[in-house]
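What follows is a set of notes on a single structure, which appears directly below.
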Amino acid sequence: MDCSLLRTLVSRYCAGEENWVDSRTIYVGHREPPPGAEAYIPQRFPDNRIVSSKYTFWNFIPKNLFEQFRRIANFYFLIIFLVQLIIDTPTSPVTSGLPLLFVITVTAIKQGYEDWLRHKADNAINQCPVHFIQHGKLVRKQSRKLRVGDIVMVKEDEKFPCDLIFLSSSRGDGTCFVTTTSLDGESSHKTYYAVQDTKAFHNEQEIDALHATIECEQPQPDLYKFVGRINVYHDRNEPIARPLGSENLLLRGATLKNTEKIFGVAIYTGMETKMALNYQSKSQKRSAVEKSMNVFLVVYLCILVSKALINTVLKYAWQSEPFRDEPWYNQKTEPEKKRNLFLQAFTDFLAFMVLFNYIIPVSMYVTVEMQKFLGSYFIAWDEEMFDEGTGEGPLVNTSDLNEELGQIEYVFTDKTGTLTENNMEFVECCIEGHVYIPHVICNGQILHDCTGIDMIDSSPGGSGKEREELFFRAICLCHTVQVKDDDSIDGLKKNQVPRRPCIYISSSPDEVALVEGIQRLGYTYLRLKDNYMEILNRENNIEKFELLEVFSFDSVRRRMSVIVKSSAGDIFLFCKGADSSIFPRVKEGKIEQVRSRVQRNAVEGLRTLCVAYKKLTAEEYSNVQKLLQSAKLALQERDKKLAEVYEKIERDFILLGATAVEDRLQEKAADTIEALQKAGIKVWVLTGDKMETAAATCYACKLFRRNTQILELTTKKIEEQSLHDVLFDLNKTVIRQNGSLTRDTFSGLSSDTQDYGLIIDGAALSLIMKPRHDGSSGNYREIFLNICRNCTAVLCCRMAPLQKAQIVKLIKLSKEHPITLAIGDGANDVSMILEAHVGIGIIGREGRQAARNSDYAIPKFKHLKKMLLVHGHFYYIRISELVQYFFYKNVCFIFPQFLYQFFCGFSQQTLYDTAYLTLYNISFTSLPILVYGLMEQHVSADTLKREPSLYRDVAKNALLRWRTFIYWTFLGVFDALVFFFGAYLLLDNTVVTSNGQLMTTSTHMVFGTWTFGTVVFTVLVFTVTFKLAIDTHYWTWINHFVIWGSLVFYIVFSLLWGGIIWPFLNYQRMYYVFMQMLSSGPAWLGIILLITVSLLPDALKKVLCRELWPTATERIQTKHQCLSVEQSTIFMLSQTSSSLSF
């Protein structure tokens, strides 16, 4: 028995998940391995379809109904409707069933339409044509039909249809260039490498003859990690195994650039691709207002149950007296006498529930849905948020979260393409203390292709001239830039153009900007051919340098170097990097002058690099080569050994100068961030970019300021200290400042406090989020959160898409439960957009994945300011008033019905006529509050943009707190008591007339149940409408029309309803009731008096609060009113004086 196999299996399955990762085997081109090589085990993999939709044709109705009836209000009305169907109730089932059906139908249609748009977008992606090889020929089929193992051909500027292992390309060196903007936000070009044994296959027949298998890890979402190997079979010989890494993996969503075509084999397809795994699953987002509505609804349900229970108990207590249960005019039948008492009591309880159920009207949810849907058009119609450059305007993908825009506490933003235009521009360079600016203006003339303008002192001469040329050569040689191949430029061949405008591509946009900037100063980088770098100098002579070594840039060293050999045989080591990395390694040069210029440029938010060099002898280079070769061949700790070699080589430099590059921010990005911070919103930047690049952008957009102390929680720090020590040191720093802040606040010195900015990278975040195994009580997440709370700004760099979502989730679920917003423009931002309470996509250059998966989409980052500070503020003000007003007016409506039961023997007699019960929420009071919810502006939009601090007045759901809710409820109860007992006193003291009718002595009206109910209802309708009119600040003709029109409609309807004998009704109880009420002068006076008494307490409360405890918004309103009065007075005085002078 082979024990080694058993040991292998045991070690695999017992070592734990940490040491054993399951793998998959892929047969390239679906060709089985040669007989005897290995067992052929076919595996099943998903197809290449992408699914971002929520529903299917078959599950839409049950799934949508389930989600809608999760809303407590919808479920409640369903129960009420069923109760009305089952037992005999005071009202018809139609009064609950029809509004419920309307709400469910409208919501289903809206959500179905939104999901249909997602299906449409998915189909467009899944039906894209893809070229793959079959039997040595190129075949075209739809993307969704791709299978794992298919060999695919991708042409230049096409996106990769799935995750591919790179087999070969049209380039002779087996490389290709790729942009990953839709994955990690970086629009720069990255270089990928074909498998060594397959890179020579350049046509379909050669690729189809390939016999190989790939073993790799199962799909996982990390974009930057991949482990696998390829076994290439030659005849019946042992296969040649080659390692595969992330440099061989072409990811779905990335785009092929500067390469005619490539061949690759599909290894992950459909929802198993890394891009799809970084998408969060869609979930129904609910706003804070909706959650508050549900809580208030539970309270009102408790009130409803209490009312029904009290009435049921009191009914049987009242009927316990002799002759009350069975009066002579209403004798019970035999079946009623034999009926179970408890069953009868339960039936009465349900009947009271139905009678009082109008306290929670279904029309509120209809109105809220309509307000959200119609209100969303104000964003889409906003001309200030339209971008003329792109021809795009804002999009609203869901209207359910409009009011959430007014509650944002944290904004998580992407950097590249969101804050910046990703358009680097060379600004200047400083050589030996002399500043050079391309295309500057001198004596009114623009100097193109100038050799530089000396901005400090006289131009360099002698050795200074030599250093200047060395500096330009260093910039032209120390980079990883590639030149795009163009056969002709403007119809001319290359060799016909002496100084052709080269098109540069690189993984770093900084390098492209530097090379292009130096080109404008006279030195042009031409190309890298056969390991020789060619540059064109000012004299139009081509200089060739042999590229010997490249020391790549990394975030720990913060510099890169090249070793080149000139045609004269001189060997140079050119190095460029951050000033903190270069200055300590310099032994001579004009250090202070250059340092001064670097500091000045850094303050202005420019990205600076220092440039240095040293000359190597042949013997020195030989030693360097041996050290490098030894480190590169190491299998263990290769990176560490290379870093040690670099440290030995990169020293004793001569400083040449420094460069300054501007990463151009989007228009008004800094102004937007400043406004958000004034509004009390914390802004975090989450990016996949390098720390240095991201930090420079944060300084440029004023997220980090000059006095901000930067705290680093990065891999470099953790390598120097343990994670535990770094976290606790940072925590002590911010806590110490917190203590001093408290002391300074009391002493009046709080203006001298220190601002902190935190920088964290993806690797450090992984360690923080990883569960601890030492059993200690400390919690790294809580410490990290505490540090973040005490920082004014946070930058998270080198973040994978899923890590962005983890950060958002971490803050979202913290103990404060803040409302979060995520904004980005690429597919790498989709996860955090879906995770945040509100997701906003930028309609930018990096595709529409973010815009398609977001709740809202805007053309530019600057539009976020108006979306939150104006639209969000208005939406929240409007819907909070709408919700409170609906509960208020229904307390006013149904509480008199509750009081009436004490006067009718708890017989479940309705106080109002059926028509009034049905139309109160549908017609008489619905339109005014809907228009208020669409049009209200308590202050102007310009004021909200000018005063961002007003956003704080509505933050943290300020207008829907318990205090406000209880005030509105008690106001409704007070008004209901005034309506009921005012009408009761008005109609007291009745006498019997000669024809047997009851006549009131005070108002001379015929007294009866419907007369009493009509008086109460009339006062009710007028009071709640006038209450809304008092609360309205922004009057338009539409407000006037619906407010006064609804009152006119009520009067006209009542006159018609009670003035005509309707043949389709089996009762005429309202006949002539309303007309008789209007014919009584004392009744008119009494109604006006009751309306005034009802409105007086709320009016007094508003005046007192505005005078004694005004909010910031009320101060602004008062200020504007005073200004308008002052302007009117000045105008009147000027008119008077002019008339007098005349």
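Yeah, the Cβs are placed from backbone N, Cα and C, and that goes for glycine too.
If you look up TrEMBL, you'll see ASP414 marked as active site, 4-aspartylphosphate intermediate.
Taken from TrEMBL, the feature Mg(2+) binding site covers ASP414, THR416, ASP825, ASP829.
There are 31 other Cβ atoms within 10 Å of the Cβ belonging to ASP414 (active site, 4-aspartylphosphate intermediate). The feature ATP binding site is assigned by TrEMBL to ASP414, LYS415, THR416, GLU511, PHE553, LYS576, ARG607, THR687, GLY688, ASP689, ARG798, LYS804, ASN828, ASP829.
The domain 'P-type ATPase A' annotation in TrEMBL covers 129-191.
What TrEMBL lists as transmembrane segment is 69-87 (among others).
TrEMBL lists 295-318 (among others) with the feature transmembrane segment.
The annotation transmembrane segment is assigned in TrEMBL to 349-368 (among others).
The transmembrane segment annotation in TrEMBL covers 915-935 (among others). Cβ atoms under 8 Å from those of the transmembrane segment (915-935) belong to residues 91, 95, 99, 358, 361, 363-364, 367, 370-371, 374-375, 378, 878-879, 881-882, 885-886, 889-890, 893, 1013, 1017, 1021, 1024-1025, 1028-1029, 1031-1032, 1034, 1036, 1038-1039, 1042-1043, 1045-1046, 1049-1050, 1053, 1057, 1070 of the same chain, restricted to positions at least 6 beyond its ends.
The feature transmembrane segment is assigned by TrEMBL to 965-987 (among others).
Marked as transmembrane segment by TrEMBL: 1007-1029 (among others).
Under the heading transmembrane segment, TrEMBL lists 1041-1065 (among others).
Look at TrEMBL and you will find 1071-1096 (among others) tagged as transmembrane segment.
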Sorted by position, what residues of the same chain at least six away from PHE553 (ATP binding site) have a C-beta under 8 A from it? SER508, ARG559, MET560, GLY577
Here the mean pLDDT of the domain 'P-type ATPase A' (129-191) is 84
Please give the sequence-distant neighbours of the transmembrane segment (349-368): residues at least 6 beyond its ends with Cβ less than 8 Å from one of its Cβ atoms. 71, 73-74, 76-77, 80, 83-84, 87-91, 96, 99-100, 102-103, 106, 293, 297, 300-301, 303-305, 307-309, 311-312, 879, 882-883, 886-887, 890-891, 893-894, 897-898, 908, 910, 917, 920-922, 926, 929-930, 933
Counting across all protein chains present, how many other Cβ atoms fall within 10 Å of the Cβ of THR416 (Mg(2+) binding site)? 29
Cβ neighbours of ARG607 (ATP binding site) where a neighbour is any other Cβ within 10 Å: 24
Long-range neighbours of the transmembrane segment (295-318), counting only residues six or more past its ends (CB under 8 A): 72-73, 76, 324, 345, 348-350, 352-353, 355-357, 359-360, 883, 887, 898, 901-902, 905-907, 965
Out of ASP414, ARG607, GLY688, ARG798, the recorded positions in the record, which is closest to ASP825 (Mg(2+) binding site) when you go by Cα distance? ASP414
Those binding-site residues from ARG607, GLY688, ARG798, ASP829 that fall inside 10 A of ASP414 (active site, 4-aspartylphosphate intermediate) by CA distance are GLY688, ASP829
If you measure between the CA atoms of THR416 (Mg(2+) binding site) and ARG798 (ATP binding site) and round to the nearest Å, you get 12
Rounded Cα separation (Å) that holds between ARG798 (ATP binding site) and ASP829 (Mg(2+) binding site): 13
GLY688, ARG798, ASN828: which of these binding-site residues has the sparsest Cβ neighbourhood within 10 Å? ARG798
